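A.B. asks: Below are the features I grabbed from TrEMBL:
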TRANSMEM  B:24-46  transmembrane segment
TRANSMEM  B:87-106  transmembrane segment
TRANSMEM  B:127-154  transmembrane segment
TRANSMEM  B:166-189  transmembrane segment
TRANSMEM  B:196-214  transmembrane segment
TRANSMEM  B:240-261  transmembrane segment
TRANSMEM  B:300-317  transmembrane segment
TRANSMEM  B:347-368  transmembrane segment
TRANSMEM  B:396-418  transmembrane segment
TRANSMEM  B:438-457  transmembrane segment
TRANSMEM  B:464-483  transmembrane segment
TRANSMEM  B:506-527  transmembrane segment
């Protein structure tokens, strides 16, 4: 069942098109990774989904309802952590957490205590004294204490230390087990890889790749690490081979999905001592999309800031 | 080693001047200009020595002593003596406030926002930042003294010679310096910028209050307050320099103390412990209105106390009004003449109008807080939860209306209670109260204008302040400049019934309320349609 969906979402700020026909779809119980560099339109998409910004064109729906018109109804079942958490300097962390929980319509107080302990937050301190990470913890604790069906998290771990990042991941996995859906925007690719079932890559306001990690990998092919007795000649020009790197005695390279058989046959002539294959990491996938169009990325970067 | 404590001070001073290249000149020029304008106004208001002497007589009462300080030169009340006596204390308080704001801005606020950390990571001495801002303020206050002295001298008023003007200006500058010292010490003691500001202003108010109490009861008590010291300079009458030198010496001592304290404390900490806050929110916080109220509570209390004080001080002069105004043509011009009412009664609507417009300031701040919250990215938290935009805006509207009601009530009560205590013939308190609340519809209309702007032109929302300033100008000075009737009608305050000299006009009030409601509704519609963001 679809929990969240955007169809042809377009947002213009004056002449600048921040989003250009974005389509994403999050199913029930899915953890959906939303990745892309700064200024590519991640936060704009999330804000439209929350009814904070109004789409210029296209539709954004959550639980089958329009995210602009039915915002309040939708928000009773959604928890959101913004990318840049600004709090009231003269309220304490504890007060802000309670306020946030109450404004959604209540939450679990035992869970609030547990989360404060797990995230190691001092709730009696004024928000003005909190670091970025601590402000993020406040927003995360408020979000995770609420019993909701959908979590929308905008780079929730960008200020957290690795220990806290792990705590966060445990809670995401737990929420997923309970059948909750999560839309996670991030540029920490290892995190997305660990948590997400599906991934969408956005660039300059367009989704350029979407699917499960497996599908994305299949499209890209395999990374091979080969050590041979004799050097392998003319590998550079071989069809479907790219990204050749010398790693100690061995060579590492990427092979396109349809060409694995040909490449293995060719390589085996030179006395294989060791061969390892691995799926490409998300980082490699991501880089491939951006490196391939270096020019476009550079010109697009001017859109932000 | 000690040498390196101050490395880079010169560069940082230039940096401070660069950051305040508008702020500082505006402050300094305003003081010089206002001093000159007031002196000129006195020349215009009191044509001859007899009129001034009549004024001097009204100054001989405890209420005036408490407000502006003990009188001097009352036997020969020249324009110079009058200006110095009536204006020095109030101006000195505001000069002190300027110093406090500037010192806090460049010390704890910068520290809290992490900017000092970046400066300190550069090859810059540990005390350079504090020293640079202190030196800038010493310089600024010297400029203030000279600027005021010159602008008062060039007016060519007979009783205002250069030496007197220099004493007057220097008294202001000395006040600025000593409160710069106070703020610098408070910045070391407090754990954050808000407390620094609060503590410094508390010291300033304490200095004012203790002097007021001391001047009326026991003069020895007054000597605790530096504001009393500068009053002792008796500019244009005796021109004493020693109180000014004493104040400057006090300021320098405080600054040295601040530098010492700064050298022994850690960045980001203070000597007063920061109390832990509540780990849990109280029930009253847990709604958009509760949040709006909580965020503005301190401001509301401060404004309420201020308005009450203004009401009370206007009330304290009501008793002397009749005798005071009879001789002064200009004042009579400012007040609409109507038969069958005493001068006091005719003066009440004028006072209420001024207080209502002043009281509109916190009202507009309350509604414009919505815009501030949006700009600081905090509305996102609220709107991403189950809170509609109607409810959000409604909460701030409610906050603004409550604020307006409180301000008008306090102004009317302060005026009425103290006024009745001072007058021989008492006026009914209910009349004062209705004279005050008659302004509520006009306040609502101002809120409506603000909401319209927030809804449709959020970036222009602060232009409502210009409208308020225009209203003040028209209403306060309208009578004096003999503006045609329709000019006053350009502001909502022009439609308010002038109780007690006019009957309450419910039709006008009703129309104002309807206009306000329509503006508010259009504002809400706009707010519902637009993007929320910075």
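Backbone N, Cα and C atoms are what each Cβ position is placed from, and that goes for glycine too.
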A.B. asks: Ranking B:127-154, B:347-368, B:438-457 by Cβ pairs under 8 Å to the transmembrane segment (B:300-317), which is first?
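C.D. replies: Counting Cβ pairs under 8 Å, the winner is B:347-368.
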A.B. asks: Test the contact criterion for the transmembrane segment (B:347-368) and the transmembrane segment (B:438-457): 3 or more CB pairs under 8 Å, pairs 6 or more apart in sequence, then answer yes or no.
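C.D. replies: Yes; at least 3 Cβ pairs under 8 Å.
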A.B. asks: Looking only at residues six or more beyond either end of the transmembrane segment (B:196-214), which have a C-beta under 8 A from one in the stretch?
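C.D. replies: 65-67, 69, 89, 93, 96-97, 100-101, 103-104, 107-108, 179, 182-183, 186-187, 189-190, 220-228, 231.
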A.B. asks: For the transmembrane segment (B:166-189), name the stretch out of B:24-46, B:87-106, B:396-418, B:438-457 with the most CB-CB pairs under 8 Å.
C.D. replies: B:87-106
A.B. asks: When you scan the chain for residues with a C-beta under 8 Å from the transmembrane segment (B:396-418), skipping those not six or more beyond its ends, what do you find?
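C.D. replies: For the transmembrane segment (B:396-418), the list is 289, 292-293, 296, 300, 303-304, 307-316, 318, 348, 351-352, 355-356, 359-360, 362-364, 366-367, 369-370, 427, 429, 431-433, 435-437, 439-440, 443-444, 447, 450-451, 520.
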